[in-house]
Amino acid sequence: MKKVIVALGVLAFANVLMATDVKALVKGCAACHGVKFEKKALGKSKIVNMMSEKEIEEDLMAFKSGANKNPVMTAQAKKLSDEDIKALAKYIPTLK
């Protein structure tokens, strides 16, 4: 029983360490999109905090794959893991 408890503790701690630091990720976005994602980047983009979680995730995945043609966003999205993208998509709509 003791081994099971120790193993569960290790797994829980490892999960915390692997969790995406969303606040660190959004710092790189603020210059163009605003701290609360309230701006149109370069006067062109959608206002991201008005988008749904699903829309944000789909757009970031499309930028990452190159399906959305925008060299700046494609370069940024390629740096993100799928987990990072899901975390951002979940977090950004909370900034309204």
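Note that Cβ sites are derived from N, Cα and C of the backbone, with glycine treated the same way.
According to Swiss-Prot, the features are:
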- 1-19: signal peptide (SIGNAL)
- Cys29, Cys32, His33, Met73: heme c binding site (BINDING)
Span of Cys29, Cys32, His33, Met73 around heme c - largest C-alpha separation, Å: 11
Environment of Cys29, Cys32, His33, Met73, the listed heme c site - residues of the same chain whose CB lies within 8 A of the CB centroid: Gly28, Ala30, Ala31, Phe37, Ala41, Ser45, Val48, Val72, Gln76
Local Cβ density at Met73 (heme c binding site) - other Cβ atoms counted within 10 Å: 19
Cβ contacts of His33 (heme c binding site) (under 8 Å, same chain, 6 or more positions away): Lys39, Ala41, Ser45, Val48
